[in-house]
Amino acid sequence: MHQASAVAVQSRSEGGTVTVRLMRADDAEPLRQVVNRAFPLFDRMTFSTHNHDVFVAVDADERVVGGVVLDVSPRPDCDAPRGRTGTVVYICADPEAHLPGIGGALRDAASQYFAQVGCRETFARIDAVNTASQQLHRRGGYELLPMRIQMHRWGWHLPLRWHAAGHGFDPGMQLWVRDEQALPVTTPSLWSRLLVTLILNVLLLGLVAWRDPRATADPLTLMFGLALTATLLLGVREAAIWLVAATQRQQVSHAPWPNGLGLAGLLALGVGVWFPLTGSTTPTTPGWRHERAIPALGRAYLAGGLAVAALTWSVLLITPDPAWVWWPEIHTACTRWHDH
């Protein structure tokens with residue numbers, strides 16, 4: 001953990017006073033216990049305070065009831081001719097504390113610290129299904145930046161911004177930005193979000209084909225086939241999800257995963273594996289909570305997966321002519337199946 005300036009923030013609540021201060025060495029274990037109670041398994045496994053600035057929220061008895069892990073790039077002790085960027089890496093409140101205002105106090109402390117060290121922009125990476133964190137950061141001046149706005153805003157510097165924010169390798173996470181000078185962001189249409197998901201996956205399939213060019217088709221035909229494949233697979237999946245959601249009287253929307261392009265791109269180029277960036281299907285009901293929507297969403301996602309599996313095996317095993325399969329190994333397997 002780096003040395004950081006102390007920031008004192010108090011949040012009055014019915015349960016008492018919550019104070020935010022710089023984490024001390026003896027706060028590490030209590031904070032880990034809070035993380036274990038507040039985070040799901042994967043986030044508990046990846047949680048780390050190494051090389052970050054950490055603030056904790058304590059109650060009147062000095063008991064740790066929350067924490068926020070921050071990253072500043074370049075570090076405050078280094079020159080930053082282009083300004084610094086700050087990132088909220090983790091933020092959590094103890095669900096057993098029953099103290100309102102913990103998250104808001106931690107968020108405000110983070111904003112004050114970012115201002116102290118001269119951050120021009122501050123980021124938060126928030127899961128597309130974590131509505132509680134989204135609402136918390138929205139109240140603090142953060143807003144979700146769609147992919148088209150990111151490209152327009154940063155252009156060819158976008159990978160550098162992603163790197164500064166620790167973004168690009170975490171499918172399902174969305175990039176939120178706090179910048180008082182930025183223009184208001186309008187939510188893109190549903191079809192444009194679905195189109196982003198399609199383009200991302202066609203790009204990944206193209207990288208897989210480019211890395212291991214075993215296709216017998218010409219490049220134009222190959223790309224058309226990849227686009228058609230992605231459209232069919234993703235389209236069938238989304239249709240099944242939306243159909244099941246409709247039968248449950250649940251209105252849903254779509255959130256693409258451009259943030260996972262770094263990880264998926266490495267898998268495509270490194271080992272020739274297509275990691276589908278399917279995006280997240282989320283309810284449109286205001287104030288919905290993921291933990292309450294899990295049963296309904298689970299049934300919808302299961303239907304989407306089964307629909308894709310049924311389509312894939314049907315095409316491979318029932319089609320009378322497997323000549324459309326460009327990769328030799330799959331082509332040979334399909335031919336042998338039909339010969340028997």
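Even glycines carry a Cβ here, placed using N, Cα and C.
Straight from TrEMBL, the features:
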- 18-165: domain 'N-acetyltransferase' (DOMAIN)
- 190-210: transmembrane segment (TRANSMEM)
- 222-245: transmembrane segment (TRANSMEM)
- 257-277: transmembrane segment (TRANSMEM)
- 298-318: transmembrane segment (TRANSMEM)
Whole-number mean of pLDDT values that fall within the domain 'N-acetyltransferase' (18-165): 86
Report, as numbers and ranges, every residue of the chain located at least six residues beyond the transmembrane segment (222-245) whose Cβ falls under 8 Å of a Cβ in that stretch; write 'none' if there are none. 194, 197-198, 201-202, 205-206, 209, 215, 251-252, 254, 276, 278, 281, 296, 299-301, 303-308, 311-312, 324, 326
Are there residues at least 6 beyond the ends of the transmembrane segment (190-210) whose Cβ is under 8 Å from a Cβ of it, and what are they? 146-148, 222-223, 226-227, 229-231, 234, 238, 253-258, 261, 264-265, 268-269, 272-279
For the domain 'N-acetyltransferase' (18-165), what are the DSSP-based totals of helix, strand and coil residues? 62 helix, 42 strand, 44 coil
